[in-house]
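Record features (Swiss-Prot):
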type	residues	note
ACT_SITE	K22	active site
ACT_SITE	D148	active site
BINDING	P106, A107, G108, G109, G110, F111, G112, G113, G114, S115, S116	ATP binding site
Amino acid sequence: MDALALMSASNPAWSAWPAPAKLNLFLQIVGRRADGYHLLQTVFRLLDWGDTVHVRLRTDGQIQRIGASLPGVAEDDDLMVRAARALQIHAGTALGAELRVDKRIPAGGGFGGGSSDAATVLVALNALWGLGLPVDTLAELGLRLGADVPVFVRGHNAWAEGVGEKLTPISLPQAAYVLVDPGIHVPTPVLFQSQELTRDAAPAKIADFASGSLLDNAFEPVLRRREPAIEAVFQALSRIGTPRLTGSGSGCFVEFATRAAAEQAMAHLPGNLRAWVVEGAAHSPLLDALDAIQV
């Protein structure tokens, strides 16, 4: 189905595109570039749970957000809008789009919501506008928006290095997770300024992660000392397994072999926690949506 067909008077409908959340199964800082950006090593795990981005095409070149994806975020600052405009400028297309999002991923939790929404817009509009740009180009555009955007564009679980943009696809075993959002947001630049943060970890290899020896997150000790609410979540989760931090926080998770085990464990958590049971994905559901529209 081409873009003109989707924009016809007989088919003015919105199309829905998944924007999955992610976990960082470990994260360490191994150095710093000359420009001040920190060098990381991490593993991105994509989930079967996340936001849904809705797209409706326009012929007048306008990019508009319908509703607010996040309270207090102006349209021009919204990563979805910025992604659409960046793609539009790069491709030189006269087509436009309306964008809205059903949010499930909590903001500021390290689950990648804003980055995933932006990546989904890039992938969806590349298809709907009929641009045919390669995924490498979309990933490069995404990197200008945020270091986590490329992994969502590519849609595969990955070992990541650099500032998070050097990606090596990896296979991960099926797993389920109990996620908890403590509801605390500490800006990442503030955490990078902490004197307690370890910035010179010894570089690891994928084999080290595969052996199970890499589980720590460099931001965890900083956040647990800084934020009592995060420490309280770790204490609660420690009763059902080994809690970990995702991204630069504040989201926490515990891994289980099966969804049933995760659901059973979550039943033992305090009822006031904002928690979910989700499963890891072998690849992004966004890739499945892309395949469906290209049939």
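Backbone N, Cα and C atoms are what each Cβ position is placed from, and that goes for glycine too.
Distribution of Swiss-Prot features across the structure.
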residue	record	Cβ contacts under 8 Å, 6 or more apart
K22	active site	F44, R45, L46, L47, F111, G112, S116, D148, V151, F152, T246
P106	ATP binding site	G113, D181, G183, G251, R274
G108	ATP binding site	I184, H185, S250
G110	ATP binding site	N24, L245, T246, G247, S248, G249, S250, G251
G114	ATP binding site	S69, L70, L79, A107, G146
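Other residues of the chain with a Cβ within 8 Å of the Cβ centroid of P106, A107, G108, G109, G110, F111, G112, G113, G114, S115, S116, the ATP site, are A21, I105, G247, G251. The local packing around S116 (ATP binding site), expressed as other Cβ atoms within 10 Å of its Cβ over all shown chains, amounts to 30. Of all the recorded positions listed (G112, D148), G112 sits in the most crowded Cβ setting, with the most other Cβ atoms within 10 Å.
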